[in-house]
Amino acid sequence: MTNIRIGQGYDVHQLTEGRKLILGGVEIPFEKGLLGHSDADALLHAVTDALLGAAGLGDIGSHFPDTAAEFKDADSRVLLRAAYQSVQAQGWQAVNVDTTVIAQKPKLAPHIPQMRANIAADLGIDISCVNIKGKTNEKLGYLGRMEGIEAQAAVLLVRI
């Protein structure tokens, strides 16, 4: 049995009026928010998928289905912590998390330190082990037209 595993996660949500924009557990001032059953935090959903995938535990939808009433407007930090408990129960510990958020607007740089701190706290790892990169799509495609925000994540796990 291998003692290290890597997981990859991805999520995208449509931007819409009348919703809060939450990324990495941080409410970001913006005229639109992400549409989804939960708080639609695409960054935390990608991290959650990466963790579950690395541990061989499926994906976020199999653990927290968007058809279940108990997850309506759920805080994605709560979902991340619950998923990570399942990962730890299988004997795995997160080593590091590397993510990319693609959003034409708003600028994410001012919010990245708090996003990193939230993920580090939720996983019980040092903030130096969490990286978040904000990118635009150079005005190309649906992301460039500000129709949505996309997030990608990679997670390294080690056997406890």
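Each residue, glycine too, has its Cβ placed from N, Cα and C.
With a 10 A radius on its CB, SER38 (4-CDP-2-C-methyl-D-erythritol 2-phosphate binding site) counts 21 other CB atoms from all the protein chains. According to Swiss-Prot, the feature 4-CDP-2-C-methyl-D-erythritol 2-phosphate binding site maps to ASP11, VAL12, HIS13, HIS37, SER38, ASP59, ILE60, GLY61, ARG145, an assignment based on sequence analysis.
ASP11 (4-CDP-2-C-methyl-D-erythritol 2-phosphate binding site) carries a strand DSSP state (E or B). Taken from Swiss-Prot, the feature divalent metal cation binding site covers ASP11, HIS13, HIS45, and the record attributes it to sequence analysis.
Among the features that Swiss-Prot reports, site 'Transition state stabilizer' is placed at HIS37 (among others), with the record citing sequence analysis. Note on HIS37 (site 'Transition state stabilizer'): other Cβ atoms within 10 Å of its Cβ, all shown chains, come to 16.
For THR136 (site 'Transition state stabilizer'), the same-chain residues lying six or more positions away in sequence with a CB closer than 8 A to its CB are ILE102, ALA103, GLN104, LEU143, GLY144. Among the features that Swiss-Prot reports, site 'Transition state stabilizer' is placed at THR136 (among others).
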Query raised in the report: So how many other Cβ atoms are close to HIS45 (divalent metal cation binding site), meaning within 10 Å of its Cβ?
Result: 28
Query raised in the report: Three states by DSSP: which one describes HIS45 (divalent metal cation binding site)?
Result: helix
**Report entry** Residue pair ILE60 (4-CDP-2-C-methyl-D-erythritol 2-phosphate binding site), HIS37 (site 'Transition state stabilizer') - Cα distance, angstrom, rounded
**Finding:** 12
**Report entry** For ASP11 (4-CDP-2-C-methyl-D-erythritol 2-phosphate binding site), the number of other Cβ atoms found within 10 Å of its own Cβ
**Finding:** 25
Report summary line: Across the binding-site residues (HIS13, ARG145), the Cβ with the fewest other Cβ atoms inside 10 Å is that of ARG145
Requested in this report: Would you mind reading off the Cα separation of ASP11 (4-CDP-2-C-methyl-D-erythritol 2-phosphate binding site) from HIS45 (divalent metal cation binding site), to the nearest angstrom?
Outcome: 6
